[in-house]
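Let me begin by presenting the structure, written as structure tokens, before commenting on it.
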2 protein chains.
Amino acid sequence: MKAFKATFLAVALSVGFAGATTAQQNEPIKPIPPAEVTDKAKVELGKKLFFEPRLSKSGFISCNSCHNLSRGGSDNLPTSIGDNWQQGPINSPTVLNSSLNLAQFWDGRAANLQEQAGGPIANPMEMAFTHELAIGLLTSIPAYVEEFETVYGTKEITIDEVTDAIAAFEETLVTPDSRFDLWLNGDQNALTKQEIAGYQLFKASGCVACHNGVNVGGASYQKMGVVEPYTTENKAEGRAAVTGVDADRFNFKVPTLRNVEMTYPYFHDGAVDTLTEAVDIMGRLQLGRHFTKEENAQIVAFLKTLTGKQPEIVLPILPPSADETVRPTPFN
Amino acid sequence: MKAFKATFLAVALSVGFAGATTAQQNEPIKPIPPAEVTDKAKVELGKKLFFEPRLSKSGFISCNSCHNLSRGGSDNLPTSIGDNWQQGPINSPTVLNSSLNLAQFWDGRAANLQEQAGGPIANPMEMAFTHELAIGLLTSIPAYVEEFETVYGTKEITIDEVTDAIAAFEETLVTPDSRFDLWLNGDQNALTKQEIAGYQLFKASGCVACHNGVNVGGASYQKMGVVEPYTTENKAEGRAAVTGVDADRFNFKVPTLRNVEMTYPYFHDGAVDTLTEAVDIMGRLQLGRHFTKEENAQIVAFLKTLTGKQPEIVLPILPPSADETVRPTPFN
């Protein structure tokens, strides 16, 4: 892909001219550090579980179904398809760089990735399984028992181990070396003039007040519709569903803008298909600002520089079920 | 996985003792030669298309959904889940080594992989798209247009190119170096005594009459239920649906036994979960032979030696949709 060729060229250039460049240390957006894998066996186990459809009632839906690592860690649908083709209530957020968020889910109801990972497995609208059935299933498969024992030192598989391993895998799903990060790291040639103008406007007009830090978002909860209300048929309450505080109604975790070109459609209801429209709506509703066509194009051009190096995932080979393994029940 | 460690060890041994071994040249089963990739760009494009959910109406189902390369190229369901959670009419056959079959689908209605690949995209029970919509979709995505041009020398994307690329990728999905193939190639230590006994029984009792050649099947159509009838609620007619000849009723392409440990459940209706039961039924219905428990276990042990080296697939990164790209419609 052209974008990646450009990235690699830019890496080469930034290395080549390292002495002549100056990192942008005072910018409100920070580069993503590469993932450090400390427990390779755990990450490999977590990868298997992430791709494991047998953690669903149907044997058809895995984490990767809605957080597709071929597609920016998202399903590119307004709301997801769950067990028995049920329509999910909210847009599936990207799993990429999710370890950099202050909490998980749009309303932040899970404190961390491990807490998140247990949710969809047991959600009747999503994978529609139970933790007990998931543990029973994994325990019936000798290769899994062996692998859990290698990682956790015990033959007893627990849901805490399952979600811990999935979280460990997800922590590796960061996307460093976007062209914007190369620019932050001092490669002046990594961005075009239009892209730099877009970034300046992104800062000057206030977008950066919420979309900042290493994940360009994910660090706070903010109201959807500050200056003008956002109209949607989506029933999500936002943060109020967690705090019970009415003032938190329609407060959502600010989504990351990392890889935003790949994670359409946008907003918690997935109602908006294009970055052009998303930037226009955000400008008006959150900032009271009507971007001109040229300004909009500049910001969109900047946003596309946030696409980082996608994790290189070798598809795991899942161990076959044993004779005793309980079979999936997709149609009843 | 333990099986792979054993395989690699066996490879090392077979290389180490090459001078002392004799290949089994007169066996009715032949080893799988490794895939030869002649057009890497085409295979890469085909891989993207194989993993491309946008070739379905819902934007959710790809070739890999039902021919999951993490799971022996199958979905391990009796019959597959299609668009809107429709229940498919027949068990999804493995895509692994499918280039070695005489034709595609259980009834052989597609002469080759390219002809097969167009089917599920346009089948209203499966991906529920149309070839026209698929071409329109791909043509709207600049990175795809560029990639097709690199491979086919034209900016005009056609369904023949799409299916040709998918077939080229599928041709790489062979699984050489099973323990059985190492044994065929002369490594006497690759199989246990029980496994060799199982193979001898597999030959002596007549299984090998249909399950032979490089794909241990896939080379002929045979009646399901020769000695005793097979009872099933599945409505598939078999080969008769293609030939219109009544005598072909319930004739199906003999499935490959390569990787059969991974491609459960068994038979065209996916009614049987375990190899033990499948071997018992096949013995009685096809050969009029009641295998003892010990004999059954020997044959099952042999069948598990047919699990080959699974293709190492680096997950493709799919190019994002453009603003103009038509969006999927999963819920209407």
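Just so it is clear, glycine is given a Cβ too, placed from its N, Cα and C backbone atoms.
Features of the protein shown, as given by TrEMBL:
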SIGNAL    A:1-20  signal peptide
DOMAIN    A:41-149  domain 'Cytochrome c'
BINDING   A:CYS63, A:CYS66, A:HIS67  heme c 1 binding site
DOMAIN    A:193-307  domain 'Cytochrome c'
BINDING   A:CYS207, A:CYS210, A:HIS211, A:MET282  heme c 2 binding site
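For A:CYS66 (heme c 1 binding site), the same-chain residues that are 6 or more apart in sequence and have a Cβ closer than 8 Å to its Cβ are A:SER74, A:ASP75, A:SER80, A:ILE81, A:GLY88, A:SER92, A:PRO120, A:GLU126. The DSSP secondary structure for A:CYS210 (heme c 2 binding site) is coil.
Across the residues of the domain 'Cytochrome c' (A:41-149), the predicted structure has a mean pLDDT of 98. When Cβ neighbours within 10 Å are tallied across all protein chains shown, the highest count among the binding-site residues A:CYS63, A:CYS207, A:CYS210 belongs to A:CYS63. A simple way to gauge crowding: the CB of A:HIS211 (heme c 2 binding site) has 26 other CB atoms within 10 angstroms, across all the protein chains here. Note on A:HIS67 (heme c 1 binding site): other Cβ atoms within 10 Å of its Cβ, all shown chains, come to 23. A separation of roughly 30 Å, to the nearest angstrom, links the Cα atoms of A:MET282 (heme c 2 binding site) and A:CYS63 (heme c 1 binding site).
The two recorded residues, A:CYS207 (heme c 2 binding site) and A:CYS63 (heme c 1 binding site), show a Cα separation of 31 Å. Listed in chain order, the extra residues whose Cβ falls within 8 Å of the Cβ center of the heme c 2 site residues A:CYS207, A:CYS210, A:HIS211, A:MET282 are A:PHE202, A:GLY206, A:VAL208, A:ALA209, A:GLY217, A:VAL254, A:LEU257, A:GLN286, A:LEU287.
Maximum intra-site Cα distance, heme c 2 binding residues A:CYS207, A:CYS210, A:HIS211, A:MET282: 12 Å. A Cα-Cα distance of 26 Å separates A:HIS211 (heme c 2 binding site) from A:CYS63 (heme c 1 binding site).
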